[in-house]
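In what follows, a structure is listed as structure tokens, so that the remarks can point back to it.
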Amino acid sequence: LTQPVTPDLLVSPSSQDGDLGSECPEDRGNWTGRLDFLLSCIGYCVGLGNVWRFPYRAYTNGGGAFLVPYFIMLAICGIPIFFMELSLGQFSSLGPLAVWKISPLFKGVGMGTILIVSLVAIYYNMIIAYVLFYLFASLTSDLPWQHCGNWWNTDLCLDHHVIKAGNNSLPVNLSNTVSPSEEYWSRYVLHIQGSSGIGDPGRIRWNLCLCLLLSWTIVYLCILKGVKSSGKVVYFTATFPYLILVMLLIRGVTLEGAWKGIQFYLTPQFDHLLSSKVWIEAALQIFYSLGVGFGGLLTFASYNTFHQNIYRDTFIVTLGNAITSILAGFAIFSVLGYMSQELGVPVNQVAKAGPGLAFVVYPQAMTMLPLSPFWSFLFFFMLLTLGLDSQFAFMETIVTAVTDEFPYYLRPKKASFSAAICIALFLMGLILTTEGGMYWLVLLDDYSAGFGLMVVVITTCLVVTRVYGMKRFCRDIHMMLGFKPGPYFRACWMVLSPATMMALLVYNIVKYQPSEYGNYSFPTWAEVLGILMGVLSCLMIPMGMVVAVLQEEGTLWEVGVQQASRPAMDWGPSLEENRTGLYVGSLAGSQSPKPLMVHMRKYGGITSYENTAIEVDREMEEEDEEESM
């Protein structure tokens with residue numbers, strides 16, 4: 001008996017080989033392993049902020065009581081927007097620019113995203129360069145920031161050994177002294193004394209410049225083949241930090257005085273919950289920690305197969321990220337408790353956030369431990385792996401966004417294009433390697449992803465639910481996952497998430513404070529420059545609207561705006577066999593009028609997803625009949 005021959009008309013170009021792996025567009029590339037996507041998302045979300053921002057935010061905003069607003073904001077803001085981004089990326093298999101085929105009028109949102117991500121990528125890799133610097137400095141028997149008496153130290157330098165000796169004799173006045181680790185950071189690594197401020201960057205620090213070059217080289221080699229290479233690297237960079245974190249945690253809690261730090265970190269102060277600031281801080285921590293709005297989640301999801309269970313992955317990543325932050329707090333504060341006991345000062349005098357914790361306080365604490373170079377190396381290696389996979393996501397977002405816009409020209413030359421982007425961002429980041437580079441880094445950190453990013457997320461939320469339509473978006477998810485999002489997600493997308501984001505945006509504008517670094521206040525021109533960075537990403541939205549309307553024919557409102565706000569003709573799943581209902585035959589050069597027949601040929605019957613497709617089609621037919629009546 002011969003096998004029945006299927007007419008060519010029923011075969012989509014992507015199903016010629018009959019391989020299940022062809023469910024993703026081959027020319028674009030896709031994840032090669034089952035865990036690639038999940039680990040990439042975990043690596044992207046679990047970054048430096050989990051270690052150096054969350055513990056400090058927790059203790060300054062009510063200790064253990066901070067976990068109440070933290071998890072409430074995770075439920076209202078974090079999980080729903082995270083799931084929305086993944087859904088948009090997976091449904092369309094497009095990057096953060098091309099995905100705006102959903103409503104071409106708002107393509108400027110994608111342009112704003114790319115601008116924000118580019119600015120963040122410049123300074124984030126500089127932080128990785130600092131980490132590499134300290135990592136190499138730890139390869140010694142005696143840490144260079146352990147004692148005073150080096151050429152970079154001043155008369156104010158006082159190390160903890162002297163303080164301990166002083167406890168037996170005269171009390172030492174600590175108010176006018178500086179630790180060796182602080183002088184090592186500011187006077188040796190940054191050499192900030194060579195600059196008088198942001199307008200006087202000084203000379204390039206060539207050791208920092210080489211570290212930045214190495215950092216960009218590592219990033220480029222890891223994203224060389226797109227998600228096929230970065231998807232394998234994250235098996236190490238996303239999992240190894242947990243091993244080191246557990247080691248640091250065990251070492252930390254076994255130190256004398258560790259309980260004092262943990263108590264300080266977790267003692268609940270419920271009166272703080274009445275303050276709006278605490279709730280805003282919790283929302284900000286969730287917002288930046290999960291990386292929503294940067295396009296990384298959307299980009300990663302765009303390389304998934306059409307029916308990947310992103311609903312499950314959303315909860316794994318978001319809850320895993322929250323638990324990691326809490327664990328990191330134990331590892332950090334147990335060591336700070338030991339350090340406060342050694343120095344004989346309260347914990348709040350040694351606790352810091354951001355670079356101050358990573359490059360001053362924690363390195364100083366390492367010098368008090370036996371085998372200090374070993375623990376220092378482990379800590380900075382953990383920071384390196386935490387930072388790298390977040391940087392992979394930023395770069396993949398930029399490269400994917402542009403190559404999806406010009407697939408015929410750039411996809412065959414993706415490696416060369418990635419190299420050009422890395423070189424350009426490295427050159428732009430050279431100012432950060434100067435003696436006044438830290439001032440520029442603070443400016444970028446404060447303004448590049450501030451209110452501009454919130455405007456991008458709010459706009460995305462409103463466009464998907466109001467312009468594209470909640471009913472249609474839920475139907476797309478139904479087609480993709482086999483079920484519709486429940487009332488929890490719909491309520492968050494329609495009201496709770498945008499309202500919370502709006503409150504964040506208003507709070508940020510009302511409580512605006514000029515940037516500062518230590519005792520240095522930034523000049524007015526620098527503040528204006530920073531504000532322009534944020535405003536420019538917002539201006540991309542109206543600029544994109546003007547371009548979209550001008551491309552349409554007819555009168556401005558009746559045809560231009562209305563037509564540009566509707567989804568493009570080829571919007572929908574990227575493969576013909578995944579298109580049902582109104583998406584059938586809408587791809588350019590479509591060969592398959594009935595994708596369901598393709599599935600039946602390919603899989604030998606109707607699967608649960610095909611049943612879902614039939615349900616969706618029937619639902620849409622009934623709605624059309626109701627409208628016509």
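A Cβ is built for glycine as well, from the same backbone N, Cα and C atoms used for every other residue.
Candidates considered were C157, C209. The record in TrEMBL pairs C148 in a disulfide bond with C157. For V46 (Na(+) binding site), the same-chain residues 6+ apart in sequence whose C-beta sits under 8 angstroms from its C-beta are A238, P241, G320, N321, T324, L386. By the Cβ criterion (distance under 8 Å, sequence gap of 6 or more), the transmembrane segment (415-441) is counted as touching the transmembrane segment (109-136), at least 3 such pairs being found. Of the ranges 67-88, 109-136, 233-250, 282-303, 315-339, the one with the most Cβ pairs under 8 Å to the transmembrane segment (374-394) is 233-250.
Here the transmembrane segment (233-250) sits against the transmembrane segment (37-55); at least 3 CB pairs are under 8 Å, leaving out pairs fewer than 6 apart in sequence.
On the backbone, the CA of S390 (Na(+) binding site) and the CA of C157 (disulfide bond) stand 36 Å apart. Across the fold, the C-alpha of G43 (Na(+) binding site) and the C-alpha of C148 (disulfide bond) stand 38 Å from each other.
Every protein chain shown contributes to the tally, and the Cβ of S289 (Na(+) binding site) ends up with 24 other Cβ atoms within 10 Å.
For the pair formed by C148 (disulfide bond) and D389 (Na(+) binding site), distance between Cα atoms is given as 36 Å, rounded to the nearest Å.
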